[in-house]
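K.L.:
This is the structure I want to talk about, given as structure tokens.
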Amino acid sequence: MNSTIYTTPPSHPSSLFPNITLCKTIKHFKQVHAHMIKTAQIHDPLAAAEVLRFCALPNNRDIHYARKVFDQMRQPNCFSWNTIIRALAESNDDGKPLAALLFFFQMVCDASVEPNQFTFPSVLKACAQSSRLKEGMQVHGLVVKYGLDSDEFVVSNLVRMYVMCGVMKDAHLLFIRNLIEFDEGDEVVRNHKKKEEGNVVLWNVMVDGYVRLGEFGAARELFDSMPQRTAVSWNVLISGYAQNGLFKEAIEMFREMQMGDVCPNYVTLVSVLPAISRFGALELGKWVHLYAEKNGIEIDDVLGSALVDMYSKCGSIEKALQVFERLPRKNAITWSTIIGGLAMHGRANDALDYFSMMERSGVTPSDVTYIGVLSACSHAGLVDKGRSFFSHMVKAVGFEPRIEHYGCMVDLLGRAGHLEEAEELILNMPIKPDDVIWKALLGACKIHGNIEMGRRVAEVLMDMVPHDSGSYVALSNMYASSGNWEAVADVRLMMKEMDIRKDPGCSWIELDGEIHEFLVDDDSHSRAKEIHSMLDEIANQLRLIGYRPDTSKVLLNLDEEEKESALQYHSEKIAVAFGLICTSPHTPLWVVKNLRICEDCHSSMKLISKIYKRKIIIRDRKRFHHFEHGFCSCKDYW
């Protein structure tokens, strides 16, 4: 169809060329393009622009083809320049944002065309993506030159460019300059309401900037000052908190959002679930799942993986399996998540079965999948299978082992008592071992009482991370277990001189949607007296069935009575006691602990589960322990 038959051009060139608009595939589009070249229709600037637009659109984007089309245009108009610059700026490929800037500079040098308000957002995005502050400032100068420094979309991208380049001072100046003050006149208010939406974008960009720099105080202060908030505003802070380890703040922010007039969306749920997982806040996690289902939010592979991870880490592996089985699509991430969850719960055989199912389903395992498989072998003591999987991953699949894979192997070998093999693996690694790997070996030395190797490994750690308390505490504990109190005193003196403090044991329990936190020997809770009475009752019940605290593991130079008292007030015992007094009989209790559960607490929990007829689930630093009817799911191997 020839565009010259139209006397009055329609509002958009695409309506002039329905044969292009109706193309469903690139193959079909190229046939239409070939016909337009053959009939010389391509020489029409509008036709050429529409061809370029089609192959530069996100759904059909072929940058290489688009550049060829652009290069053959005799005199590209502003729309065509903007199209190719935008396509390059939006591409995540290395070098494409820089190419967008080069095209822009060619455009500026072309006397026949001038950039407009649709040009600069893409150019500024390219500057931001490539962290080119100098070029961004030059573009800022051109924005002022062309009188576009009051255009909301251009300004928001200018602010974002400075934010992405880490220049918050300039971003803040631009932000303040473009804030609009209210006026009592009706017309001004109407104009303000229209423009206020643009201002929300600016506020969000600024909050995101402070979050990126880790300045959460400034981010929260700005957020609290916002005259209007969208879901994006909340999501920026919730995801920022969660991604930076501020899980409690992320959950608190999410609760505030629930009480406001902005509804959580897909991004909100994906952002908050890792924080919920961290605290083992199962009830809140269930609410998120139910909210997604009731509000028609698609539980795709991303949100589905987050839910599987949440249920796994909150102690409900059966629910995690249900969510996984219902997912319409399963990819390497979802399979890896459920395999890792099963491993964490000590269900090694199930984890390996799911790995086999993954391969049979045609999904290729990723290197993350093998971390879950090796972890499953480690938790169950499947040394030969672990060795076999590691060898297969390297020799048959061709994955280059990451530090995490070596960490799993060291943990597997160390737990099983193969200390020399574990140490040899570390020393022969092609990559430099980190402190996590050495700590795994040190923990194994402690379990198996190899003080000589433990001292050697501790010295490596003290040199590598001199202010990390873990190596000092582990070495001190090993000396204490052998009764070498003089060596214990030397280590503790060293810690005192270097101002190194041991990480306190801390446990969390969620009841009625509220997370309660307890430290060792904690009496700060509002119901501390009731908790301590419950602890005394537990101790008496344990004595009645003949249990005596395992004071050999109290690595302090105290008398027997003091050692028993110290064991009674471990944080996980306090959390369980609180759960017993706050819940009805037979209600399961879920507890999260920041450190590895000690031998006495492990033995006690088995009996407490039997005495009080409760299922007690404790997630420590390494794995889950399901205590029920006097037994633990780990079969005393952890």
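Using N, Cα and C of the backbone, Cβ positions are placed for all residues, glycine too.
Note that TrEMBL annotation is computational and uncurated.
These numbers come from a predicted model, not from an experiment.
TrEMBL feature annotations, pasted as is:
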{"type": "DOMAIN", "residues": "546-638", "note": "domain 'DYW'"}
{"type": "REPEAT", "residues": "199-229", "note": "repeat 'PPR'"}
{"type": "REPEAT", "residues": "230-264", "note": "repeat 'PPR'"}
{"type": "REPEAT", "residues": "331-365", "note": "repeat 'PPR'"}
{"type": "REPEAT", "residues": "366-401", "note": "repeat 'PPR'"}
K.L.:
Who are the long-range neighbours of the repeat 'PPR' (199-229) in its own chain, taking Cβ under 8 Å and residues 6 or more past its ends?
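P.N.:
Those are 152, 155-156, 159-160, 162-164, 166, 168, 171-172, 175, 178-180, 236-237, 240-241, 244, 246, 249, 260, 262, in sequence order.
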K.L.:
Apart from its near flanks, which chain residues at least 6 from the ends of the repeat 'PPR' (366-401) lie with a Cβ under 8 angstroms of it?
P.N.:
332-333, 335-336, 339-340, 342-344, 346-349, 351-352, 355, 358, 408-409, 411-413, 415-416, 418, 622-623, 634, 637-638
K.L.:
What are the DSSP helix/strand/coil residue counts across the repeat 'PPR' (199-229)?
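P.N.:
When I sort the residues of the repeat 'PPR' (199-229) into the three classes, I find 24 helix, 0 strand, 7 coil.
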K.L.:
Could you tell me the mean pLDDT the prediction assigns to the domain 'DYW' (546-638)?
P.N.:
86
